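Enquirer: First the structure, which I've put down as structure tokens, then a few questions once you've had a look.
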Amino acid sequence: MLGILGINHKTASLNIRDKFAIPCDDIIPLSERILQIKKIAGVVVLATCNRTEIYYSKELCHEDACKGDILKELHSFFNIEEDYSSNFYHYTGAEAITHLFRVTSGVDSMVIGENQIVNQMKKAYIFCTEANLTDAILMRLFQKSFECSKKVRTETSIQQGATSVGYVAIDLCEKEFKNLKNKHILIIGTGETGQLALRDFKKRGATEISITNRTDEKTLDVAKRKSVNPILFNNFKDHLAQCDIILTATSAGEYLISKEDIKQAQQIRKGKKQFLVDLSVPRNIDIDTEKFDGVKLICVDDLQKILDDHKEMRENSIEKANIIISDLVEESMSWLHSRSLRPVIKTITSNMQQLSENELVEYRKNHSSDVVEQIERYTGLLTQKYIRMLIKNLKEATNNGNATASLDIISQLFDFEDSNNE
């Protein structure tokens with residue numbers, strides 16, 4: 001079974017999402033704590049600027065009580081005393097698979113149809129798989145989610161128009177300054193979001209672009225490949241006064257630009273307009289910087305109104321996407337249900353074969369090898385016939401694994417513990 005516990009831009013403000021933002025270095029230790037929860041077999045942690053989600057799998061457990069345990073671990077891990085449980089959503093079974101497919105396909109994104117999320121999902125899945133945190137269920141369903149994403153993006157028009165939060169933010173920059181050609185722009189962060197913003201700025205005619213990143217080697221590498229001006233990280237604050245637009249997109253868990261930094265920059269700029277764009281979670285720019293005349297600060301949550309209008313334009317594509325998602329969820333649920341039969345079938349087969357072997361032990365002692373060979377052949381055929389009959393009846397009685405109550409009863413009849421793995 002698949003389960004998912006998460007918080008996103010729909011259920012929590014940026015201030016609350018900041019508290020549960022998971023740095024890359026914390027993913028493995030947090031996942032290892034979650035794996036200690038009874039019957040959880042695998043974990044994938046997704047951490048983006050708009051959502052923190054824990055995907056987990058459980059073998060043969062039809063009643064899920066993991067929500068409270070995972071929430072407790074999250075609050076404990078981040079030393080959060082206040083209870084934010086009401087800001088989290090929790091899905092299991094078909095609802096969880098539907099959510100997974102909607103997220104990967106961009107249907108659940110702040111910017112409907114954005115490409116970035118599928119790459120983030122792939123990175124999260126690969127990272128957790130290489131760390132031995134996933135199992136067969138998560139592997140199968142995440143691979144199916146990537147298939148779903150490709151199908152949605154190729155068979156609908158969901159990707160037309162704005163395709164990232166950065167794209168929408170740069171729209172606002174262009175409206176604010178009318179022309180970006182001679183505006184000095186600083187991008188802090190050379191990850192995917194930062195490089196997409198760099199690309200989109202260039203498309204709008206911007207020519208005076210500088211970039212910086214905590215790792216100077218990466219700054220120099222990206223600057224060379226993208227033909228922009230590199231600024232070493234330790235020196236970037238010396239350049240703030242020259243910048244008309246500053247965009248941050250990093251995973252730093254702290255303010256990179258303080259109120260005092262902008263105060264000093266504005267003293268030099270003499271109140272000249274300065275546009276700050278903070279696409280980071282947690283925030284990278286002090287929210288008090290906007291108090292200065294001439295300074296305007298926008299963060300990811302400020303883009304919501306624009307994105308709501310954007311969503312209305314894509315309603316037709318969303319409907320088509322939901323049909324594709326529904327079909328693939330049904331297919332995945334069928335696989336999960338048939339998979340739940342495997343331990344029972346394995347037990348039936350093992351029990352029948354062991355029963356046959358037990359009966360033959362004494363017989364072999366008292367008969368010739370020719371007779372024993374004939375009896376073994378006959379017993380083997382009879383055992384296989386009964387096994388096939390039992391498996392056929394099992395599938396019919398449980399609707400191929402869908403009727404979980406019947407499956408539980410049959411499991412008990414064969415002395416089968418529901419905690420066994422295949």
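The chain as shown is numbered from 1 upward.
Cβ from N, Cα, C; glycine included.
All TrEMBL annotations are machine predictions without curation.
Residues or ranges marked as active site, nucleophile in TrEMBL: Cys49. Look at TrEMBL and you will find Thr48, Cys49, Asn50, Arg51, Ser109, Glu114, Asn115, Gln116, Gln120 tagged as substrate binding site. The NADP(+) binding site feature in TrEMBL is assigned to Gly189, Thr190, Gly191, Glu192, Thr193, Gly194. Among the features that TrEMBL reports, domain 'Glutamyl-tRNA reductase N-terminal' is placed at 5-156. TrEMBL lists 320-415 with the feature domain 'Tetrapyrrole biosynthesis glutamyl-tRNA reductase dimerisation'. According to TrEMBL, the feature site 'Important for activity' maps to His99.
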Enquirer: Show me the subset of His99, Thr190, Gly191, Glu192, Gly194 whose Cα is within 10 Å of Gln120 (substrate binding site); these are the recorded positions I mean.
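Expert: Neighbours among recorded positions, in sequence order: Glu192.
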Enquirer: Would you kindly give the Cα-Cα distance separating Ser109 (substrate binding site) and Gly189 (NADP(+) binding site), rounded to the nearest Å?
Expert: 21
Enquirer: Just checking, which of Gly189, Gly191, Gly194 (binding-site residues) has the fewest C-beta atoms within 10 Å of its C-beta?
Expert: Gly191
Enquirer: Return only the integer: C-alpha distance in Å from Asn50 (substrate binding site) to Thr193 (NADP(+) binding site).
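Expert: A Cα-Cα distance of 12 Å.
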Enquirer: Including all protein chains shown, what's the count of other C-beta atoms within 10 A of the C-beta of Asn50 (substrate binding site)?
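Expert: Around Asn50 (substrate binding site), other Cβ atoms within 10 Å: 23.
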Enquirer: Tell me the Cα distance separating Ser109 (substrate binding site) from Thr190 (NADP(+) binding site), rounded to the nearest angstrom.
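Expert: That comes out at 22 Å between the alpha carbons.
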Enquirer: Determine which residues of the same chain, besides Gly189, Thr190, Gly191, Glu192, Thr193, Gly194, have their CB within 8 A of the center of the CB atoms at the recorded NADP(+) site, and list them by sequence.
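Expert: So the extra residues in range turn out to be Ile187, Gln195, Leu196, Ala197, Asn213, Ala249, Thr250.
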Enquirer: For His99 (site 'Important for activity'), which of the binding-site residues Gly191, Thr193, Gly194 has the nearest Cα in space?
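Expert: Going through Gly191, Thr193, Gly194 one by one, the closest to His99 (site 'Important for activity') is Thr193.
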Enquirer: Per residue, counting other C-beta atoms within 10 angstroms of the C-beta, which of the binding-site residues Ser109, Asn115 reaches the highest number?
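Expert: Result of the Cβ crowding comparison: Ser109.
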Enquirer: Distance between Asn115 (substrate binding site) and Glu192 (NADP(+) binding site) at the Cα atoms, whole Å?
Expert: 11
Enquirer: Can you tell me how spread out the substrate site is, meaning the largest CA to CA distance among Thr48, Cys49, Asn50, Arg51, Ser109, Glu114, Asn115, Gln116, Gln120, in Å?
Expert: 15
Enquirer: Would you mind reading off the Cα separation of Gly191 (NADP(+) binding site) from Ser109 (substrate binding site), to the nearest angstrom?
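Expert: That separation, Cα to Cα, works out to 19 Å.
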Enquirer: Neighbours of the substrate site Thr48, Cys49, Asn50, Arg51, Ser109, Glu114, Asn115, Gln116, Gln120: Cβ within 8 Å of the Cβ centroid, same chain, sequence order.
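Expert: Everything else in range on the chain: Met110, Val111, Ile117, Ser164, Val165.
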